[in-house]
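Structure first, then comments.
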């Protein structure tokens, strides 16, 4: 027998049922019991899908109303004391307030789950944090699954990863010090699961794939010795998102009953564990991407393992299937429009079926599933040989780029003189980050056009009307460098993906980003080409309305890559450079059209960093090259801007400087300009625009607040190189607050200009 299991399942439902129910509940349009009933039905469906595919264990406890790390904070009594809630008697409303904030307390901070596009709620640890076991979340789900007749495997994030993912708050201390009192609470929680008749428990320790300090790594031995001794169940330690080869000796000696390895992200690590003498769960189906596996190739890896391990071989996805859309079968439009691409994809339900086929092949031989294996091989061969994917002219263009194609003609010191000469901007020039409010009217017009209820001419006229409004409002405010407001863009990545060859879009390919927020990433399936200009006519039209400088707006290659499902048949670095080269055609067309200030947004550069620091340089090198390629060939007097909206720059500042953008705008208002200090210490050489107010809030900042931030900025950045702008795009704001916020920004800027003149 070969055991097949999954590490976790999507929570939101095939049609985002949980999202819509949550949002109705928050609007007080749905009763609590109705939300609980819907969640129960979703869990039952998830288990049935696994059971129908002959999974041997159902993943239990992975379902959450918001986030699995928030559930663990509740289960360990580690919810922030500042809310004043009792974790043992927490109501559903209070649970959501932890995630979303309330009138007295801001929400728990959210950040990326390792290097995925999912976000978790960051535990807040204080020196005096007291943990208390509250296993209700897991126990209830075990009982539900058992009533439905399922064999269960509860899933819980392990104590070291849980602590690692948190942050110290209040008095200075190291959260590692809390481990000794956290472990007994885990023992209590796990024993509550054992009391429900649980045989196996999956404990996730993805922190093993990052650069852990030595004391953390060493702690695994004692922690798992305690859990093994005091919990009467078999423990499966799950690692994923990267290689754990460096910990192979430690992991093989841990007193656990099984180990899960991610053999998609790090297939090379298998060699280090082939002599493992307990259960080895092989993560062979990609839990993070949407490509169908070549099952014959996977069996070539599994069959020798099966021979060696026998029943100790388990098979699974590489990680939780939370990161993949639910069901490919509902993508009838994609099947009709691009049947070849459709045949190369596998969503959650298809991945579970792939594992089912592998299980049968390992138990009964390949002949027992030859129809399925043949279909898998046909799809793999068709994809490898498709002319739609592989366009020789793209590879040729990349191979024949001139030497130093990604370098500007002259250094910044020379370029800026040429730019200043024609721009003729005042001291502390002002601009916005790009988007302006997306009103209901804009969204309605876009939806009507997509449905065919609005002609192209009618749609374009409504967008032009909106662009004119945005231009006139900026002129009234007396901003220096204007933008067209991006009314025609639904999303900063999807908009470009729809206009570039090599991209496709699903209709129901949603994945959870956090809570009720889901995203539908584009699919990059082939070589990337820009068939025609994408933004030129809009920017050109906007420029025709004003004598002021108009800024062109593009999303950068790294961000497009990071926020998409990316093809896995060529390196990500190659895909990124293809996007950069395609964007360079757009940049040169904008320049030809008279748009000589062009912003290339890269909010995702940091989140693309590999988990291990040893791999950072390679990534930053190709990411930087792709960004610079996107503006290759521009004249020295064309000014390239970039925008980044994240909070940690210190450790990658040399790479940010190496992008060589003439102007960088960054999100700094919420950190009280602290981020800017790093730029000052580093002596960042080019122009910089730190955000002077937080656009994520409708609140209008006071003149004193903006002046305080600008004066702090002037202490770090020479006045000749300082720009003034909001933190981020204004798409989500209303018009009245947008105008009021920008008015304050402009009045403070003018006051300081007069003072500095």
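Positions of Cβ are set from backbone N, Cα and C atoms, glycine also.
Since this is a predicted model, take the numbers as computed values, not measurements.
The Zn(2+) site in Swiss-Prot is built from 643, 645, 667 plus one of 576, 728, namely 728.
The record from Swiss-Prot ties 433, 434, 435, 486 to L-homocysteine, and of the options 300, 601, 615, 617 it ties 601 to that site too. The candidate list 164, 200, 422, 563 contains one residue that Swiss-Prot assigns to the 5-methyltetrahydropteroyltri-L-glutamate site with 16, 17, 18, 19, 112, 517, 518, 607, namely 563. A distance of 19 Å separates the Cα atom of residue 112 (5-methyltetrahydropteroyltri-L-glutamate binding site) from that of residue 728 (Zn(2+) binding site). Annotation: no binding-site residues among 434, 435, 486, 601, 645 have CA atoms within 10 angstroms of the CA of residue 696 (active site, proton donor).
The CA atom of residue 16 (5-methyltetrahydropteroyltri-L-glutamate binding site) is located 30 Å away from the CA atom of residue 601 (L-homocysteine binding site). Between residue 486 (L-homocysteine binding site) and residue 18 (5-methyltetrahydropteroyltri-L-glutamate binding site), the C-alpha separation comes to 31 Å.
Cα spacing between residue 18 (5-methyltetrahydropteroyltri-L-glutamate binding site) and residue 435 (L-homocysteine binding site): 30 Å, rounded to the nearest whole number.
Candidate binding-site residues: 433, 434, 435, 601, 607. Nearest to residue 643 (Zn(2+) binding site) by Cα distance: 601. Following the DSSP three-state reduction, the secondary structure of residue 607 (5-methyltetrahydropteroyltri-L-glutamate binding site) is helix. With residue 435 (L-homocysteine binding site) as the anchor, the candidate binding-site residues are 645, 667, 728, and the one with the nearest CA is 728. Calculated from their C-alpha atoms, the gap between residue 601 (L-homocysteine binding site) and residue 667 (Zn(2+) binding site) amounts to 13 Å.
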